[in-house]
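A.B. asks: Would you mind keeping the following structure in view while I ask a few things?
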Amino acid sequence: SQVSFEEESQNPPAVGHWKPLMPSKGDKEEPEGGCQDAGGVDEPQSTEQLNVSRLRSSSVEIREKGSEFLRDELHKAQKELKLKDKECERLSKVREQLEQELEELTASLFEEAHKMVREANTKQAAAEKQLREARGKIDMLQAEVTALKTLVITSTPSSPNRELHPQLQSPSKGGFRKGHGRNKSTSSAMVSAASHNVAPEPVSRECKEVDSILFAEFQAWKESPTLDKSCSFLDRIYREDVGPCLDFTKQELSELVRAAVEQNTLTIEPVASQAVPVGKVAAEECGGPKKCALSGLPRTCKHRIMLGDSGNYYYISPSCRARITAVCNFFTYIRYIQQGLVRQDVELMYWEVMRLRREMSLAKLGFYPSEM
């Protein structure tokens, strides 16, 4: 081992005196007898010493080579340690950099989270404020709807409340006002049930039977109420009731009246006997207190109509007014259903529609209350 080699190197071997095998020239020759005696004794000893010297020289050589090999291995190990130290230093720097980035990321995440929480709190406060305002508006709208329902209950198309609709009062009670009141067909066209009810018997005594086809069409329309005349329910009523009821002698004016009724822009108002036609249209076209503009016949006209905002008035007879009013009552009730203001059973609504259709049919045949 290395330790034994080092110990041997520190303790050099004891080297004996070497006897020359052959005498040198300067030496004196010894007696022959003495040489024979010495050769017989010293020859094995010299051989042994030579072998020991060879062994020692080989061990020294081996020790030197081992030392050199160990130095090389040590040098390699030192190089590897230096490389590992550099790698450790690099990894340490990477770890420090990652730790720093992690801390920065954590701090930014916390800051972003706090920012989001603040924004959420602000939005929540704004939403709560809007909710309170919306609830206040809802309460107000509910109050308005309640009042409107009360109005609908007390003033329906079949029996309007004349206290809520002063324009329906007769001129003798309400007095004629100068100018004209802008009463759309939604309200001005409604008349009392007593003035429209031609049948002498009450409704409760009538025998009624639901027509399956008409009721099915009404139910289908009630699922998705619309004013589009392409649906089967309204298409039938347009063909059987609305069209014939608004078919007057003056075809061009009849089309205008029909469009105004559909668009809810028709105005009906009572007139005084001394009123004269106004507007751009000639007096002959507008009719007059003694001539109906729709039928062209000489009739006493107590009412006049205006189509939209045209400013042109047309005098109409009581019969024409009854026909227009019957159609307006129907459209008013249909609009009430579409807007969700009628809270009744489907069958009750169906029978109200049938009653309004009957009013249109009777008006078309020329039946109207004497008050008109």
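Numbering starts at 1 and runs along the chain as displayed.
Note that Cβ sites are derived from N, Cα and C of the backbone, with glycine treated the same way.
The following feature annotations were taken from TrEMBL:
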- 1-58: region 'Disordered' (REGION)
- 44-58: compositional bias 'Polar residues' (COMPBIAS)
- 66-149: domain 'GDP/GTP exchange factor Sec2 N-terminal' (DOMAIN)
- 67-151: coiled coil (COILED)
- 156-172: compositional bias 'Polar residues' (COMPBIAS)
- 156-190: region 'Disordered' (REGION)
A.B. asks: Using DSSP, tally how many residues of the compositional bias 'Polar residues' (44-58) sit in helix, strand and coil.
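C.D. replies: Per DSSP, the residues of the compositional bias 'Polar residues' (44-58) fall into 15 helix, 0 strand, 0 coil.
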A.B. asks: Helix, strand, coil residue numbers for the domain 'GDP/GTP exchange factor Sec2 N-terminal' (66-149) per DSSP?
C.D. replies: 84 helix, 0 strand, 0 coil
A.B. asks: Grab the pLDDT values for the coiled coil (67-151) and give me their mean, rounded.
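C.D. replies: Mean pLDDT, the coiled coil (67-151): 88.
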